[in-house]
Amino acid sequence: MAVADVVVSFMLLVSIYGILALGLNVKYGHTGLLDFGHVGFYLIGAYTAALFVLGPDDPTDFTVYLIGLGDVPILGSWVTAILAGTILAGIVGGLVTLPTIRLREDYLAITVLGISVIFQRVIQSETWLANGPDALRGYSPPLQGPFPVTGETVVGAALLGLIVFVAWGLTTAVLGMVSAPPSAAATATSPPHGHEDSLRPRDRLYTVATFGATRLSTVTQQVSRTAAVAGMTAGILAAVAVLIAGLTLTVGVIVSVYTWIVAAIAVREHYSSLSWSAITTGIGLGTGLLLALIPLPVLETIGVKIIITVSALAVLVGVYYYMTTQIDVLSNNRLAIVGVGSLWFISLWYFILPILGPLGSGDIAGVAQTLFQNIVWLLRFGGDVGVGYAVAGIGELTVKVDYPRFQLAGFVLSFVGLYAIVERTVESPFGRVLRAIRNDETVVKSLGKNPFTYKLQSMVIGSALGGFAGALWAMYAQGLTFTTFAPRVTFITLLIMFVGGAGNNKGMIVGAALFWAFQQATTQLAAFFPPAIRVNIQAFRLVVVGILFLIVLYYLPEGLLGSRTSSATATTPTDGDSSGPQRAQRTEMNPPDEGDGGTSTNTSVDNDRIPDMGTQRELESEE
């Protein structure tokens with residue numbers, strides 16, 4: 001299996017848990033409602049979707065369930081199933097909220113936790129409902145039949161075009177956001193003919209990727225619109241090229257290389273303010289981590305490999321701590337250095353480690369083939385089914401598009417769509433009221449708002465997102481057991497939220513990616529130990545997750561990306577105050593009063609949790 005296939009599976013899980021974390025973030029991050037029973041709505045969405053797509057119950061197959069609507073047109077489709085799971089989870093979330101929302105935060109959390117356990121036990125004990133303690137199986141994800149596809153048929157070309165549409169559109173959106181400020185200025189001023197050379201290479205790439213439609217990309221909304229049009233155009237062109245000319249490999253190479261180039265541009269832009277010393281330190285940190293793990297696959301004695309690896313990791317941490325505390329240039333960029341080191345380590349793991357085997361045996365063609373397969377992540381290589389190609393310097397290749405890549409396109413598109421909806425929701429007046437309730441419910445009441453109504457709506461939205469994630473999990477797993485929906489799922493989601501930053505929707509992406517990267521890394525490291533020890537290592541992960549949870553809460557209470565800040569606050573200076581980026585460091589619900597020159601009359605309390613007249617003006621503007 002190529003490393004690209006592992007990354008595809010990883011991204012599927014990140015998408016599911018990212019949506020699950022978005023739902024919890026609406027509840028706690030934006031409204032302040034601590035829900036320890038979030039997994040209950042995840043369960044409802046999963047089982048509802050599965051029951052909708054299952055065929056009628058057949059007593060001879062040893063499974064029993066309440067309904068099976070899979071044979072009913074439209075009603076038994078996955079689209080209907082996902083909608084049903086989402087809506088039912090939201091409704092149940094609202095019903096659960098009615099008697100519990102007036103409780104204090106800790107009582108609310110425990111009460112909802114108990115309700116989620118009741119949901120789990122009902123599934124376990126009531127066999128007639130969803131096959132009881134046994135797995136609920138017998139359904140397939142949508143459109144799985146035609147896969148793997150090669151593009152030689154109309155259906156195969158259309159499915160490949162859909163994947164290209166998502167990949168090209170999202171990549172172009174990222175490129176547009178990275179290039180937005182300079183490009184917007186360039187397109188707004190419309191440089192005369194002959195001055196196109198003043199554009200940066202990334203702007204030229206953006207012009208090509210959008211097929212010349214760069215004039216629409218002057219604001220974020222227009223960037224996304226342009227990216228959607230570009231993705232649709234690329235998808236149609238790819239489908240036509242594959243169907244008529246059989247250019248499956250060419251399409252895969254172009255799309256894959258384009259995504260890698262944009263990823264490199266985005267990383268470079270993100271770390272553009274770092275000094276070379278900080279970047280070098282990060283690269284050294286990532287290389288040191290790789291060297292510290294070398295004894296695991298090399299040494300045979302378990303005790304020796306553990307001692308050497310742990311000692312090397314301790315030395316690496318000590319060197320990092322010393323350098324970031326003693327060198328001023330590095331002390332201000334501790335997390336950025338870790339980020340650079342992590343990206344460098346991932347690059348080595350993805351591109352370099354897979355080629356060491358064939359390189360050691362002198363198989364140059366094997367090196368080129370392995371590297372090529374990992375670069376062209378859009379396609380699956382090998383197997384008996386596929387289109388054969390002979391590539392100079394690489395050899396014979398069999399290529400196709402498998403179902404996980406199509407599923408990934410759907411999951412990522414769903415996540416991006418829900419993320420955009422949640423962002424618009426929390427940016428709206430409704431979202432400002434939610435944050436005001438989180439900060440000080442009394443002020444909201446004093447202005448005539450009913451906090452109960454807004455809390456109820458927040459719980460419904462967050463629970464519905466949890467149900468949507470559950471429906472995607474049912475599609476991904478192709479089988480459900482009640483043990484999957486244990487309370488630990490809620491606490492994993494809480495960890496994801498706190499790592500990324502409660503109240504910061506972007507943080508849900510970061511948190512989900514970091515958690516599943518940890519899961520994937522420990523799984524691969526456990527493979528270097530005997531089966532008896534391997535089981536203990538995988539079980540010990542929960543202990544490590546708990547420790548990491550405590551560390552994050554203690555040292556990074558606002559998460560890696562920090563709490564969410566209002567875009568208006570972050571970009572618009574206010575009279576008597578500092579610039580927008582400096583104001584963004586404050587809590588958005590506590591702007592200084594315009595009449596007091598930006599000064600605060602109360603410096604002895606935590607201003608981040610006290611909405612003042614600025615908050616009241618925000619709420620009054622919604623009347």
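Any Cβ shown, glycine's included, is placed from N, Cα and C.
Record features (TrEMBL):
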COMPBIAS  565-580  compositional bias 'Low complexity'
COMPBIAS  606-623  compositional bias 'Basic and acidic residues'
REGION    565-623  region 'Disordered'
TRANSMEM  6-26  transmembrane segment
TRANSMEM  33-54  transmembrane segment
TRANSMEM  74-95  transmembrane segment
TRANSMEM  154-178  transmembrane segment
TRANSMEM  251-267  transmembrane segment
TRANSMEM  274-296  transmembrane segment
TRANSMEM  302-323  transmembrane segment
TRANSMEM  335-355  transmembrane segment
TRANSMEM  375-394  transmembrane segment
TRANSMEM  406-422  transmembrane segment
TRANSMEM  456-477  transmembrane segment
TRANSMEM  489-518  transmembrane segment
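When Cβ-Cβ distances under 8 Å to the transmembrane segment (6-26) are tallied for each of 251-267, 335-355, 406-422, the top count falls to 406-422. The transmembrane segment (74-95) is not in contact with the transmembrane segment (335-355), judged by fewer than 3 CB-CB distances under 8 Å for residue pairs 6 or more apart in sequence. No contact links the transmembrane segment (154-178) to the transmembrane segment (456-477), because fewer than 3 Cβ pairs that are 6 or more residues apart lie under 8 A. Counting same-chain residues at least six beyond the ends of the transmembrane segment (489-518), those with a Cβ under 8 angstroms from any Cβ of the stretch are 10, 13-14, 17-18, 20-22, 24-25, 28-30, 35-39, 42, 113, 116, 419, 422-423, 426, 435, 438, 541, 544-545, 548-549, 552-553, 556, 558-564.
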